[in-house]
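Below is one structure; the comments refer to it alone.
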Amino acid sequence: MTAFKQGDPTTLNRLYGRSIGKPLRTHQQHLVDNLLPQISPPAEGPVTAERLFGEDCPLHFEIGFGGGEHLVYRADLLPNHGFIGAEPFLNGVASCLSQVEEQRLANIRIHNGDALEVLDRVPDGALTMLYLLHPDPWPKNKHAKRRMMNDGPVKMFADKLKPGGEFRFGTDHPVYLRHALMVMRRHTDAFEWVVEGPSDWQNRPSGWPETRYEHKARTKFGHEVWYFRFRRR
């Protein structure tokens, strides 16, 4: 497993920002208290498809799933695949739990907390797909080490994906865009940018739904959105 070093700017070993916003509604709190413990990954030990879902199935992992729209869409689209989502913001977790309950999805596991702590316990080469969509940009240079797209996490992504597996990244922040591309250029030995034309990165790929955050970025703030697919060599 990855060793996290205190103060090392190439790794992440703590969460930043809020963990809860407005108070949860009564039923949301009920889901957090009752459904979440049933579908959370184990607190210790390896995180495998067999342990989570009782069988060896393709395994997906989403880091920071927000309100869960993408995670739920993908899980519904691929019912024979297993999905793990990690989100530190409790309101987002509650929103995702509501969708899981409503759609009766049995192939999702949810972690309310640090994604890298769980990802670190996934066996190397076990993931089919890994998603990082609209992470917190931390736009100030002094906060750059807080960005999820840094050498330490990207090295972990490469370790956990199987050969031919896919890492999907999306952002609407130009500072994060430049930073992410700079980081990925240092990992071309592990990842190949999947692109077929010059405008691919401006067009949402098939099977990649628009989330509430992305819709807000476009319609309220007028942001462009960029989409990237990287294949594990």
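Glycine is treated like the rest: Cβ placed from N, Cα and C.
According to Swiss-Prot, the active site annotation covers Asp136, on the basis of similarity to another entry. Counting every protein chain shown, the Cβ of Asp136 (active site) has 14 other Cβ atoms within 10 Å. In the three-state DSSP scheme, Asp136 (active site) is classed as coil.
The S-adenosyl-L-methionine binding site annotation in Swiss-Prot covers Glu62, Glu87, Asp114, Asp136. Summarising the environment of Asp114 (S-adenosyl-L-methionine binding site), the number of other Cβ atoms within 10 Å of its Cβ, over all protein chains shown, is 16.
For Tyr213 (substrate binding site), applying a Cβ distance below 8 Å and a minimum sequence separation of six or more within one chain yields Gly66, Gly67, His134. Per Swiss-Prot, the feature substrate binding site maps to Lys140, Asp172, Thr211, Arg212, Tyr213, Glu214.
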Quick tally, other C-beta within 10 angstroms, Glu62, Asp172; top of the binding-site residues is Glu62
Other CB atoms, at most 10 A from the CB of Arg212 (substrate binding site):
13
